[in-house]
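Quick notes on the structure that follows.
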């Protein structure tokens with residue numbers, strides 16, 4: 001629903017990285033008109049300094065559902 005502030009496994013702060021990750025993905029969508037590919041997402045995460053696979057999992061697997069749940 002809401003991106004966790006810290007990684008569940010290692011405790012690293014990831015909320016700020018998630019915001020920058022979504023901004024970079026939106027930029028790719030606006031420039032190319034398509035979703036970013038896996039290699040592009042990997043490069044974005046590398047550029048953000050997200051090296052651990054547990055933190056990468058937290059960012060890549062998050063689905064923002066707050067707007068759908070908020071009316072209830």
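Backbone N, Cα and C define each Cβ position, glycine as well.
Keep in mind that what you see is a predicted model, and the values were worked out from it rather than measured.
The Cβ of residue 10 (Zn(2+) binding site) lies under 8 Å from the Cβ of 52, 54, 55, each of these being in the same chain and 6 or more residues away along the sequence. Annotation note: residue 10 (Zn(2+) binding site) sits in a coil segment as assigned by DSSP. Swiss-Prot lists 7, 10, 54, 55 with the feature Zn(2+) binding site.
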Among 7, 54, 55, the most crowded of the binding-site residues [Cβ within 10 Å]: 55
Listed in sequence order, residues not in 7, 10, 54, 55 with Cβ within 8 Å of the centre of the Zn(2+) site Cβ atoms: 8, 9, 11, 12, 14, 52, 53, 56, 57, 58
